[in-house]
Amino acid sequence: MNRVLGDAENAHSSSAESCPSLRDVHSINPTQLVARIEPYEAREKKGISDVRRTFCLFVTFDLLFITLLWIIELNVKGGIETTLEKEVLQYDYSSSYFDIFLLAVFRFKVLILAYAMCRLRHWWAIAFTTAVTSAFLLAKVIISQLFSQGAFGYVLPIISFILAWIETWFLDFKVLPQEAEEENSKFLVLPPSS
């Protein structure tokens, strides 16, 4: 019986130690509270979130990488000036890579306009650019004669396709959910009213 009473007293004392007392609750330091609120206020002042900035950086990388591959392709075919004239001025859908470069420029302009300048919080712009990119590249691969032109016939369309889908995945699974989570966390800690 003594053992049961001893166990009950131990349980009561350990639960009392884990619960804060009324004195502990009222002894919250106001500077600690302000220190917790300041990061939320700083987020409101920040122009663009870190994850959105990373997304915009990746969109820029997409454009620069496709441009670099296209310039390499121009050099491989026999010099930039002559090949550039042949691919741009004498454009032929079945043999030119210029349209894949223009597709990367299109993606860049739409996505930077929508998600960096207008700070859109919806997926429709990325869905539109990915659908246009996928449809165009599939048609280009089926109709054109790119595969007979060597390695770039495979590399440039595949890389462009993959980058467009990575951008879609990144926005849909990283940018929008993380920003929504940060928005919701702002409302959990409200600053004291003055």
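Using the three backbone atoms N, Cα and C, a Cβ is placed for every residue, glycine included.
Curation plays no part in TrEMBL annotations; they are all automatic predictions.
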Feature region 'Disordered' in TrEMBL, mapped to one of the ranges 1-23, 24-46: 1-23
The domain 'MENTAL' (48-194) - residue tally per DSSP class, helix then strand then coil: 118 helix, 0 strand, 29 coil
